[in-house]
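Peer 1: Let me begin by handing over the structure; questions about it come next.
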Amino acid sequence: MTDRRLIVIGASWGGLQAVGEILAGLPGDFAVPVLIVQHRAEDTGDLLAGLLDRRGPLPVREVEDKDTLAGAGVLVAPAGYHVLVEPDHLELSTEAHVRFSRPSIDVTLESAADALGAGVIGVVLTGANDDGAVGLAAVRRRGGFAIVQNPETALVATMPAAARSSAAPQAVAELSEIAPLLVQLADGEAPHAA
Amino acid sequence: MTEADHHDRELEELELELLLEAVYRRYGYDFRGYARASLRRRLWRRADLEGLRSLSGLQERVLHDPHCLERLLADLSINVTAMFRDPTFHQALRRDVFPELRTHPFVRVWVAGCSTGEEVMSIAIALHEEGMLDRSRIYATDMDADVLARARTGGFALEKVRDYTRNYLAAGGTDSFSGYYAVTGDQAVFDPDLLRTVVFAQHNLATDGSFNEFNLVICRNVLIYFGRDLQDRVLGLFDESLPRRGVLALGRKETLRGTAIEERYEPVVEAERIYRRS
Ligand SMILES: C[S@@+](CC[C@H](N)C(=O)[O-])C[C@H]1O[C@@H](n2cnc3c(N)ncnc32)[C@H](O)[C@@H]1O
């Protein structure tokens, strides 16, 4: 079993608020690297990392090409780039948009599942498209842990609903429950959520 | 489950390496040092489209069917580019690099991985507006002969011109952008004079050597496709091609930090990944 772990959080419409709430709930000594893939316009520079950095105790920065995963903290996929995962580092790519998105949540989740198997925790949040559904299913198939924000209470239901039906996630959670769940999973406890 | 996955990945890695080795030995295209995750994704996409269930299957087909190789090469090439891509980069180039270039009697620029030429055209326009184009020579290289052929035409899709105009203005363009091109069908064809001092040539960063000395080397959004070792090789190539105070410009998400040549360079504008050899 691999000891390398990675949390990938995918979000689209309404994501800034939702991701911010999760980061606000993670402690400053949270040790598992977190990679955020948030859809947004391509010319927004590193604005998002700056905004999220203020939401919680963990420092947030944009992914640099070939960033090492160990001790990476919280990383944000840069606007206009896909982020792919290798066992010990991250790669950037400007290959074609996948379902109109770059960064694409599917691309990151699929390659994370490929590289880290059961070490991956995938989270799909609010959004108005179905990016993340295929990727989260891959996470699940490779033995990882899949979490979907409850579509009924998400700002936009489409994306989490698609992920829920394609991935059969271990947890469908309220936004406020996600950070505590991640802390639990990071500590290696079996989660209680169903 | 986990054990099985682990095993599969090792086997897949082996198949992938054999496939790249085969493509290199048989056809001379060297992707062995490219960034793996992105390569793996694209190889699998080709395998799926060919109806094949493994990368060894793809290897067999590629070796026996040159048409399949062509399709594979098309999948592996990423040529996305734009005029004045990342306008703040072009602005910084003009503001913080051109003044020193101006002090040279002759300016040599290498645009490595120039793709279809949008970036070269942008640099040529900026040099023109600064009155330096006539005493400049731009070497624009790419490994891909097809993109070079398109670059030489100086024509770009008309539908992109609105975005390019906005970029041009944001990059600090001082003239009227529409004065640089004529519309022919669905193409905006740029003034051929702008490419007068440009030499387009095929050059492979993975296998070819340094070929000249330059005041400015621009290589943007190419290094991200390379693995760390190949990145080091290519940075070494740039290092050999730059004299003291020569400038190296990388893409928005590419950096010299943590590389072998880092200590010889100081940032000119770190945020824009513009460095100067000390
Ligand atoms: C994404 S484009 C970047 C274009 C332009 N520099 C820009 O930033 O807009 C990458 C280019 O690198 C070229 N390339 C990839 N591998 C190369 C190699 N080994 N040697 C030379 N060029 C290469 C590709 O053919 C492609 O045209």
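Yeah, the Cβs are placed from backbone N, Cα and C, and that goes for glycine too.
In case it's useful when we look at the structure, here is the feature table from TrEMBL:
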type     : residues : note
DOMAIN   : A:1-189  : domain 'CheB-type methylesterase'
ACT_SITE : A:Ser12  : active site
ACT_SITE : A:His39  : active site
ACT_SITE : A:Asp131 : active site
Peer 1: What average pLDDT does the predicted model assign to the domain 'CheB-type methylesterase' (A:1-189)?
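Peer 2: That region's mean pLDDT is 94.
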Peer 1: Would you count the other CB atoms within 10 A of the CB of A:Asp131 (active site), including those on all shown protein chains?
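Peer 2: So the Cβ neighbour count for A:Asp131 (active site) comes to 29.
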Peer 1: Write out the long-range same-chain contacts of A:Ser12 (active site), meaning residues 6 or more apart in sequence whose Cβ is under 8 Å from its Cβ.
Peer 2: A:Gln38, A:His39, A:Ser101, A:Ile105, A:Leu125, A:Thr126, A:Gly127, A:Ala128, A:Asn129, A:Asp131, A:Val156, A:Met159
Peer 1: For A:His39 (active site), just count the other CB atoms lying within 10 A of its CB, please.
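Peer 2: The answer is 23 other Cβ atoms.
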